[in-house]
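Note sheet for the following structure.
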Amino acid sequence: MQRTSSLPLVPPAGARHASWLELFFDLVAVAGVAQLARLLRGGPDAQDVAVYAVLFAAFWTAWISNTLYGDVAAEKTRTRTLLLGMFGLTVMAAAVHGVQEGEHARAFALAYVVARLFANRVWQQRHQRVEGWPAARLTVGVAPWIASLWAVEERARLWLWTVGLLLDLVISLAVPVGRRIRHVVPAPRRPPSRQHHGAAGPVPVTTAHLDNEHLAERLGLFILIVLGEGVYQLVEASDTPWDRDLHLTAPAAFLTLTLLWSLCLRRGHDGVPFLPPGTPVSAAVLALHCCTAASLAALAAGLGGVVAGLDGPLHEQSSWVMAAGAGVYVVIAASVRARTAPRAGRWLLVGVLPALALCAVVAATADSESAVRQVWLITASIAWLSAAELLVRRRRATPDAADGAGT
């Protein structure tokens, strides 16, 4: 039997790795993901899910702005700069709990504004703009967040935050790279000296080239953090009597997380499932990474909620969260794989629709089906997606091998 190829588990020799400073900075992601997952516990409603989506996107945006700086600056990264960015993200994470109350929401928004303006100042001083995510240097999307500091109603505040995030996304996706960097900024004024005469000319804004391999490692580490939070939630949810239901459910939940790890990091790239290796980092890839991380965190929170309810009535909302997280993840993986599948229509019909159907069954039977069956249905959905992709890969490799044998 022909073995299917997979990505190496470690980067190639000589590749740049995350520094101790960057790893320390990523600790704030651990706290942030844990706090955000709390929004989906205890029977969340549609409003809670909307708040979760917006807050996760905001936290990720602030995180990626600092991560891109570390990727570009490399060994010239300033410790103070990343630590200040880390402090801002820490305040955001701390404000998540009770964010639907006025003061915590304002604290979250203020920390986000400060973190974004500080990141903007860093890129302004470097006279650079990131080719993969130009919103890291621009502040157009921050304006609605500033306006939200005076908003009284929670709904109005949430809409302002959403508009700001959408502005960042549209700018990053829609503006061509060439137009982003074809301008200059005034040079800082220098005091007259004997060595310097005349006015300083404008300083061109150049494009900052990313270290794609290093950034892929950082993006993958973020996904690992999300999966680690899922493992923690399962362990915490197991603080129930170890009966037959728990013995049947826990292996399925762990198998689901293992499959997700494999699809994102062994058979994907940049933490995005099925993304071909070597794909350059772009705004679309980063947006997919954000959506992947958010769906994984939601799926893990739903799994934890269902497992925690084994000794009592199954929370209908937790099943909905679990099914929605898995469904969004399947859609992301399917859309990425469809771009490279030899027959995209067959892939969507055979590989994707059955996986989505299983997620729909879980959502439709959230108030009637047992927890054990619901968790195993989610496991079957991800396993089906994985097996279908392996089949597509093998069928694509078989004609290539036959052509090679015939030449």
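Residue numbering: from 1, along the chain as shown.
Even glycines carry a Cβ here, placed using N, Cα and C.
Taken from TrEMBL, the feature transmembrane segment applies to 20-37 (among others).
According to TrEMBL, the feature transmembrane segment maps to 49-69 (among others).
According to TrEMBL, the feature transmembrane segment maps to 81-99 (among others). Tertiary proximity for the transmembrane segment (81-99) is limited to same-chain residues at least six positions away from its ends with a CB under 8 Å from its CB atoms, namely 21-22, 24-25, 27-29, 31-32, 34-36, 38-39, 51, 55, 58-59, 62-63, 65-66, 69-70, 105, 107-108, 111-112, 114-115, 118-119, 122.
Residues or ranges marked as transmembrane segment in TrEMBL: 158-177 (among others).
Nonlocal intrachain contacts for the transmembrane segment (219-235), taken as residues 6+ away from its ends with a CB within less than 8 angstroms of a stretch CB, comprise 18, 23, 26, 29-30, 33-34, 37, 63, 250, 253-254, 257, 260-261, 264-265, 270-271, 289, 292-293, 296-297, 299-301, 303-304, 307. Look at TrEMBL and you will find 219-235 (among others) tagged as transmembrane segment.
According to TrEMBL, the feature transmembrane segment maps to 247-265 (among others). When Cβ-Cβ distances below 8 Å are used as the criterion, the transmembrane segment (247-265) is approached by residues 7, 220, 223-224, 227, 230-231, 234, 238, 271-274, 292, 296, 299-300, 303, 306-307, 310, 329, 333, 371-372, 375-376, 378-379, 382-383, 385-386, 389 of the same chain, each at least six residues removed from its ends.
Sequence annotations record features per position, and here TrEMBL assigns transmembrane segment to 286-307 (among others).
Feature annotation from TrEMBL assigns transmembrane segment to 319-336 (among others).
Within its own chain, the transmembrane segment (348-366) is flanked in space by residues 314, 316-317, 319-320, 322-324, 326-327, 330-331, 334, 337-338, 374, 377-378, 380-382, 384-385, 388-389, 391-392, which lie at least six positions past its ends and keep a Cβ under 8 Å from the stretch. What TrEMBL lists as transmembrane segment is 348-366 (among others).
Among the features that TrEMBL reports, transmembrane segment is placed at 372-392 (among others). Residues 4, 245, 248-249, 252-253, 255-256, 259-260, 262-263, 267, 274, 299, 303, 306-307, 314, 319, 322-323, 326, 329-330, 333-334, 337, 341-342, 347, 350-352, 354-356, 358-359, 361-362, 365-366 of the same chain lie 6 or more positions beyond the ends of the transmembrane segment (372-392) yet place their CB under 8 Å from a CB of it.
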